[in-house]
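Note sheet for the following structure.
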Amino acid sequence: MALPVAGPDGVGDPPPVTRAPAPHRPHFPEPIAGRRRRLLAPIVLVGAALIVVTLLSAWVFGNRPALLVDTGAAVTYGLPLVKVLANLAAAATIGGLLLAGSFLSEGDPARGRAMDLSAVSAAVWSVLTGVYAVLTFITIAGPVRAGIFGPALGQYLTQVSLGQSNTVTILLTAVISVGAFASRKPVPILILTVVAFAALIPLALQGHAAGAGGHRTAAAALWLHVGFAGAWIGTLLILVITHLRAGPDVIRPLLRRFSFLALICFIGVTLSGAISASLRLNSVSELVSTDYGVILGLKMVVLVLLGAAGYGHRRWLISRLPAQAGRWNAVWVRLVIAEGLLMGVASGAAAVLARTPPPAGEVTIAVTTAEKLTGQALPLPFSPARLLDSFAVDPIWLTAGIFVIGLYAAGVHRLRRAGTAWPARRSIGWVAGWAVIIYLTNAAPAAYENYLFTAYAAGHLALGALTTFLIIAGRPLLLISRTADVRNDGTGGVRGWLNAAATARIVDRLLHPVVAAALFVLCLLTAFTPLLVNWSLTDPVGHQWNTTQLFLAGCLLVCALNRTRTHPITRGTAATAMAVLGAGVAVLVLLVGAAPVFLPEWYGVIGDGWQPAPMIDHTVATVTFLTIGTLFLITTGTRLIRRPSQPGVKL
């Protein structure tokens, strides 16, 4: 698959300073009728979602036996209705930010409208999350006297984990709403987009993933699923609303960019959904024999139809249909309305599915120490054979690996098709590096890191200190600069963002060898403090934080080492960088090796007599630190020594 080609979008460059009229946008022959037809898409989306939620709720919840505490039909049916509206508001928030930050230029009036819609959607998301929290509290607590309802609700929102998740979402969405109104610049939009995706984390932690044995995998898969779906639905929704009067020459380039985003989201939704389904279904037959399976099957059918609609966008509407306003607009409106209908059905089904118990049992009585700490039974005792047949899927790193390998291959293919050579060693380094990362995060090291400190240490050290050399050897930034298209409409694009980052002063400071070395040592030492290791073992967010910060710090360090080819350093700078790295590795080994058992309240008791014993495991982990640390220092030292201190002068 080749990278998408972004053609001219017909908007034109924005005026330099003065307030000039907005860029010319072709109108329909009947602009009012065209606007009404396009408005049908979001109306159909929301309407279909509400209808599907109502029908499925009546089917799933209507025949359930009464609970000990009956909260009434208003709460039973109101929860999924509020949830689907909150999900759509979240999608509109994310979609507006993505559209404004990646698709539209600063001088385009549509960008301002997209940010306004994103701000309003975030406010609605915040309010609906509050309503959902109240309904959930009523479901859990049952009838509460009016005099103590307020204090009890406050206690739920601040002291109970489920309520705390809702509180965090309310606060984050309020920040997004204010920020989207306050600033329209690229960097704030990027920050708000990150915050919007972060606001989905509490939703993932409180879904079916909570309480499941594979909590880490389930939570990560659900977050990916909701994030990709929100980006897909929300971007199309805001694109339609902000371009009610635009003609084919404006919509077509935006659709080209959106189709690439939709393809990424389609793959992400499919992969994360498959992982989630595998955790909750015992067999394929449950797709037709259980309520959960039937609703899941409905979502699968809708996903296939949405994929077909996306194919129609990419192959027909964008590439082949002539840009004749009347015919093009008619086809575009029909296709968008159909997509809105399908997205509404999928959104409604997802809201009911979230409140439908899956057939796979999630709640079991914890007997062993391992089950009490992790929710899962001990795996088979470790042996060399377990390196090949042990798996613990991490959806985030697995999805990231698949995407970056595929995009890299597409970029190389595009270069070769243009007659430009690309060294095979770079491709081998990139693929090998990400293959190792996928193994470390999804196979034996991940499967045993909760039980053996050696596995935890080896996996994290190799990820941050060794794989990054292979990754950077692939020269991904150079590949992007040679294959990504230059946009001339003021929207930046990947290549524009890369050029802006390369010339940013803060990036120049971070890529100084001593600064990069100090940041890497800081991340390394904090990653192996008992507090962060315990957070990583007990919380999916902590696990992803610890893994990601080590990986990014390692990539920054290797980039700083490679940068000395074009930015020569002195002997003193090289010696200082090596001293910082050496001291960091030495301190880490001393800190880890000082205690008989690292994190004894976890690694000292989780095995229940399992072999190897905790003290032996700790000794092996210390040797692992020494081995990987020595290899890392040798590799970095060799790279620094080979760099010239001045042009033409070697160290």
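Even glycines carry a Cβ here, placed using N, Cα and C.
TrEMBL labels come from automatic prediction, so no person has curated them.
Pulled from TrEMBL, these are the features on record:
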type: COMPBIAS; residues: 1-12; note: compositional bias 'Low complexity'
type: REGION; residues: 1-30; note: region 'Disordered'
type: TRANSMEM; residues: 81-105; note: transmembrane segment
type: TRANSMEM; residues: 117-142; note: transmembrane segment
type: TRANSMEM; residues: 162-182; note: transmembrane segment
type: TRANSMEM; residues: 189-210; note: transmembrane segment
type: TRANSMEM; residues: 222-246; note: transmembrane segment
type: DOMAIN; residues: 254-353; note: domain 'Copper resistance protein D'
type: TRANSMEM; residues: 258-280; note: transmembrane segment
type: TRANSMEM; residues: 331-354; note: transmembrane segment
type: TRANSMEM; residues: 396-415; note: transmembrane segment
type: TRANSMEM; residues: 427-447; note: transmembrane segment
type: TRANSMEM; residues: 453-473; note: transmembrane segment
type: TRANSMEM; residues: 514-533; note: transmembrane segment
type: TRANSMEM; residues: 545-562; note: transmembrane segment
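Contact between the transmembrane segment (81-105) and the transmembrane segment (331-354) is supported by 3 or more Cβ pairs under 8 Å, counting only residues 6 or more apart in sequence.
Spatially, the transmembrane segment (222-246) is adjacent to the transmembrane segment (117-142); three or more Cβ-Cβ distances between them are under 8 Å for residues at least 6 apart in sequence. For the domain 'Copper resistance protein D' (254-353), the number of residues in each DSSP class (helix H, G, I; strand E, B; coil) is 87 helix, 0 strand, 13 coil. Sequence-remote contacts of a segment are chain residues at least 6 beyond its ends whose Cβ falls under 8 Å from one of its Cβ atoms, and for the transmembrane segment (189-210) they are 90, 93-94, 97-98, 100-101, 115, 118, 122, 125, 161-162, 165-166, 168-169, 172-173, 175-176, 179-180, 183, 218-223, 226-227, 230, 280, 354, 358, 362, 540-541. On the 0 to 100 pLDDT scale, the domain 'Copper resistance protein D' (254-353) averages 86 in the predicted structure. Using a Cβ-Cβ cut-off under 8 Å and counting only residues 6 or more beyond its ends in the same chain, the transmembrane segment (427-447) has close neighbours at 379, 386-388, 390-394, 397-398, 401, 404-405, 408-409, 412, 455-456, 458-459, 462-463, 466-471, 473-474, 476, 547, 551.
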